[in-house]
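Take a look at this one; I'll ask things after.
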Amino acid sequence: MKGLFISGSGTNVGKTFVAQYLIRLLSNTLKVSARKPVESDCENKNGRLIPKDALLLSKACNINEPIDKVCRYKLESCSSAQMASQDSGLKLTLDDLVDACMSDEFVIVEGTGGLLSPIARQALNSDLIQALDMPVVLVIKDELGAVNQALLSINSAQSCGLSISMLVLNQIQPNFLKNAQAIKQHTDIDINVFNQNHLASFERKVKKILLVI
C-alpha cells in the first residue's frame with residue numbers, strides 16, 4: 001500500500017491542514033484516499049459522533065468514500081486515543097488500526113497527537129507507522145520552541161527506524177524566528193516552511209517524494 005503518514009510534534013500543530021493540502025495537490029495526478037483510523041474529541045450530534053478532522057480530509061479527496069471508512073473509530077472523550085477508547089469500553093488494538101488504514105488507492109493517513117502519542121493498547125503512533133511501513137511527513141508548528149520540538153521528534157522517529165520524507169514548519173502567522181535555518185544546522189532532513197509564500201517550493205518537494213515512494 002502506497003501512501004504518506006502525517007504526524008507531528010503534538011496536537012494542534014496543523015496536521016489536518018497540511019494533510020488537506022497534500023490530498024488536493026496529489027489528487028491532480030492520483031486517486032487519493034484519506035484515513036484517520038481513530039479520532040477522539042468527536043462531537044456528539046443526536047447520538048452520532050462526528051469526526052471533525054476526518055470530515056475535512058474526506059472533503060479534500062477526489063474519490064467518495066463513506067466517513068466510516070475514512071475514520072473507523074470515533075471517540076467522544078477529549079483525551080489520547082488510547083484513553084478515549086478505554087473510556088468508551090473499546091479494546092482497540094494496533095491490528096485494528098492497521099486494518100482501518102487499508103486502501104486500494106494512494107492513501108494519506110493522519111495520526112492523532114504526536115509520534116509517541118498512545119493510540120491503542122500498548123501501541124503508539126510510531127508503532128502504527130512501522131506496521132504500515134510508510135514514510136512520514138512531520139508537521140511542526142513554526143513558533144518559539146519549534147527547534148526543540150523538531151529535533152525531539154526527529155530523534156524519536158529515527159530511534160524507531162522511521163523514514164521522514166519531509167519536515168513541515170507550519171507557519172500559521174508570519175514570523176522572523178528563522179527556525180528552518182536553525183533546524184537545518186542539526187539534520188539533513190528536508191525542511192519546508194509551509195505558508196502562502198512557499199507553496200511552489202512545497203509542491204516541488206512533494207512531487208520529488210512521490211518518485212521514491
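Numbers run from 1 along the shown chain.
Cβ coordinates come from backbone N, Cα and C, glycine included.
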Please pick, from Glu105, Glu110, Glu143, the residue that Swiss-Prot records in the Mg(2+) site together with Thr16, Asp53.
Glu110
Here are some binding-site residues: Gly14, Gly111, Gly113. Which one has the most Cβ atoms within 10 Å of its Cβ?
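Top count of Cβ atoms within 10 Å goes to Gly111.
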With an 8 Å cut-off on Cβ-Cβ distance and a minimum sequence separation of at least 6, pull the same-chain contacts of Glu110 (Mg(2+) binding site), or say none.
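Non-local contacts for Glu110 (Mg(2+) binding site): Phe5, Ile6, Lys15, Thr16, Ala19, Ala34, Arg35, Lys36, Asp53, Leu57.
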Please identify, from the recorded positions Asn12, Lys36, Ser40, Gln171, the residue with the sparsest Cβ neighbourhood, meaning fewest other Cβ atoms within 10 angstroms.
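The recorded positions Asn12, Lys36, Ser40, Gln171 were compared, and Asn12 has the fewest Cβ atoms within 10 Å.
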By the DSSP assignment reduced to helix, strand and coil, which category contains Ser40 (substrate binding site)?
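Its secondary structure by DSSP: coil.
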Could you tally the C-beta atoms, other than its own, that fall within 10 angstroms of the C-beta of Thr16 (ATP binding site)?
23
C-alpha of Ser40 (substrate binding site) to C-alpha of Gln171 (ATP binding site): distance in Å?
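A Cα-Cα distance of 25 Å.
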